[in-house]
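See structure below.
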Amino acid sequence: MHPGEMSVFPKISLKPEVTEYLRNVFLNKEVLAAVDTQEAESRFQKLLTCLSHPPSSTCVRASTHLAPLEDIRLSLEKELEKQKCGSSAEVPSVQIVPHPRITDVLLLPVDGPRAVERLSSELVVGAQCGSAVLRGAHVFAPGIVASPKYMKAGDMVSVFSDLEGRCTRGATSFQGNRVFVGNGVAEMDRSAIFATETPARGVGVRMVDPLYKSPSFDGVLPSMVFLQNLPSVVVGHVLTPQPGERILDMCAAPGGKTCHIAALMGDKGEVVALDRIRNKIDRIRQNAQMLSLQSIKAFCFNSTQAVSDKPKQEAEGPPFPPESFDRVLLDAPCSGLGQRPNMASTWSLKEFCSYPPLQRKLFQAAVRLLKKGGVLVYSTCTVTLSENEEQVAWALNTFPCLSLQPQEPHIGSEGMLGAGLSPEQLRLLQRFSPELSWEQTDTTAPLTCRADTDTIGFFIAKFLKT
C-alpha cells in the first residue's frame with residue numbers, strides 16, 4: 001500500500017483551540033532542539049491522520065489461565081471459520097498468530113482500507129458505532145440514527161458514521177459531516193428500529209462489505225478470548241503481579257486489566273477493583289465470573305478517597321489504611337486522545353485540560369496506599385504531555401520515595417521530550433506513538449512487526465516505592 005492510500009478518512013476533527021494546543025505539545029522547545037520544525041510538524045500531522053484510522057491488526061488477550069495459548073488459537077480459528085460459512089463471498093482463512101514476546105496475546109490482521117462501492121440506499125450511525133464497525137463489529141440497533149424511509153430486513157445499505165452527532169434520530173437522510181464505513185444487510189425493518197415503545201436491541205445491520213475487514217467477536221468464545229488493545233495488555237505484564245499479593249486497580253471499569261492481573265497471578269491472592277460508577281462495577285463482576293476468576297473483589301468507590309487515616313474497621317472494602325497493597329495500577333481517567341479510530345471530538349480545550357488535577361489526586365492516594373518496596377504503574381490512553389511525561393516529572397519531584405523502573409515488555413517507544421526529564425528517565429517510560437511509523441507501515445511486513453507500532457496512542461510509567 002502506498003502512503004497516500006492509507007488515508008481514506010480526513011484527519012481527526014478537533015476544535016481549533018484543541019488542535020493549536022496539541023500542535024504546541026508536539027512542537028515544544030525540547031522537541032525542536034532535537035528535530036527540525038519540519039519533522040516535528042510532519043509527525044504532528046501524521047498523528048492527526050492516524051487517529052482517524054483503525055490500527056492494522058486486532059489484538060486478542062487469551063485466557064491462558066484456563067487453557068494453553070495454542071489450544072485457544074485453534075478453537076478461535078474454528079469459530080472464525082464458522083463465521084465465514086455464513087457469508088456468500090469467497091473469504092480467505094483468517095491468519096491468527098501468537099505475539100512473539102507477549103505470551104497471552106493473539107494477533108489477527110485487519111484487511112483495509114478496501115475498495116467498496118457505495119450504494120444509493122444510505123443508513124447513518126452514531127460516531128461510536130461507526131468506530132466499532134471499523135474494528136470489526138456489526139451495527140447494533142441502538143447505534144442507528146437514520147435509515148431509508150422504506151427500509152426492510154434484507155435490504156442492502158451503505159453505512160455512514162455521523163461524526164459530530166448532528167443527525168436527528170429517526171431521520172430518513174443526512175448530509176452533514178459523515179464518513180462511509182462499508183455496506184451491510186439490514187436485519188430489521190425501519191419501523192422496528194425506531195419503534196417508540198421499546199428501543200430495539202440486537203444487530204440492526206450485518207456488515208458484509210466493510211471498508212476495514214476484521215472478524216466480529218460478538219459471542220465468540222467469551223471465556224477464552226478478550227478483545228483488548230495491545231498496550232492495555234502490556235500494562236498488566238509491566239505490573240508483574242505475583243501469586244499471593246494484594247493488588248489495587250484504582251479505576252478498573254470495564255475490568256479488562258483487572259481480570260488480566262488476576263489471571264497473571266494464577267488467581268492466587270487478591271485483586272481489589274474500584275470504580276465510581278455503579279453499573280460499571282457489575283460489568284467487572286460479570287467479566288470476572290465469565291473468566292472463572294475468584295480473586296477479584298469489586299467495589300463502587302471514588303479512588304481519590306480510598307485512603308483512610310482512621311484505625312482499620314472490620315469492613316473489607318474501601319477506604320483502606322495506608323500501605324495496604326503490594327502493587328497498584330492507576331490506569332487513570334484521561335482525555336482519551338490516543339483512541340483509534342476517532343474521527344472527531346467536540347470537546348473544548350477546558351474539557352481536555354480538566355484531567356491532570358484529577359490524575360494527581362488519584363496519584364497521591366495511590367502512593368499512600370502502596371507498601372514500601374511496592375510497584376505503582378501509571379497509564380493513560382492519551383497523547384498529551386500534561387497527562388503523561390509531565391505527570392511523571394511532577395510525581396518524581398513530589399514523592400522522593402518513588403523511582404522509575406525498567407518495563408518488561410518494552411515494545412513502545414521511549415517517553416516524549418518536553419517535560420524536562422533526562423534521557424535515562426525517558427528511556428524507562430513507554431509511549432506508544434503510532435504517528436512515528438504511520439506511512440511506513442508496509443502491509444507485506446510480518447503482522448507481529450506492524451502490531452507493535454500501529455497501535456492506539458498510550459503511555460505507561462512504572463515506579464518503585466522505597
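We count from 1, first residue shown onward.
Cβ coordinates are placed from backbone N, Cα and C, and glycine is handled just like the others.
A quick note: this is a predicted structure, and the numbers were derived from the prediction, not measured.
According to TrEMBL, the domain 'SAM-dependent MTase RsmB/NOP-type' annotation covers 150-466. Taking the domain 'SAM-dependent MTase RsmB/NOP-type' (150-466) as a whole, pLDDT averages 95 in the prediction.
Listed in sequence order, Ser232, Val235, Gly236, Asp249, Leu329, Asp331 are the same-chain residues six or more apart from Lys257 (S-adenosyl-L-methionine binding site) with CB atoms under 8 A from its CB. The S-adenosyl-L-methionine binding site annotation in TrEMBL covers Cys251, Ala252, Ala253, Pro254, Gly255, Gly256, Lys257, Asp275, Asp331.
Under the heading active site, nucleophile, TrEMBL lists Cys381. Sequence-distant contacts of Cys381 (active site, nucleophile), defined as residues of its own chain at least six apart whose C-beta falls under 8 angstroms from its C-beta, comprise Asn229, Pro231, Ser232, Cys334, Gly336, Gly338, Gln339, Ile456, Gly457, Phe458, Phe459.
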Rounded to a whole angstrom, what is the largest C-alpha distance between any two of the residues Cys251, Ala252, Ala253, Pro254, Gly255, Gly256, Lys257, Asp275, Asp331 that the record assigns to S-adenosyl-L-methionine?
13
For the binding-site residues Cys251, Ala253, Gly255, Asp331, which Cβ has the most other Cβ atoms within 10 Å, all shown protein chains included?
Gly255
Other residues, Cβ within 8 Å of Cys251, Ala252, Ala253, Pro254, Gly255, Gly256, Lys257, Asp275, Asp331 Cβ centroid (S-adenosyl-L-methionine site):
Asp249, Thr258, Ala273, Lys280, Ile284
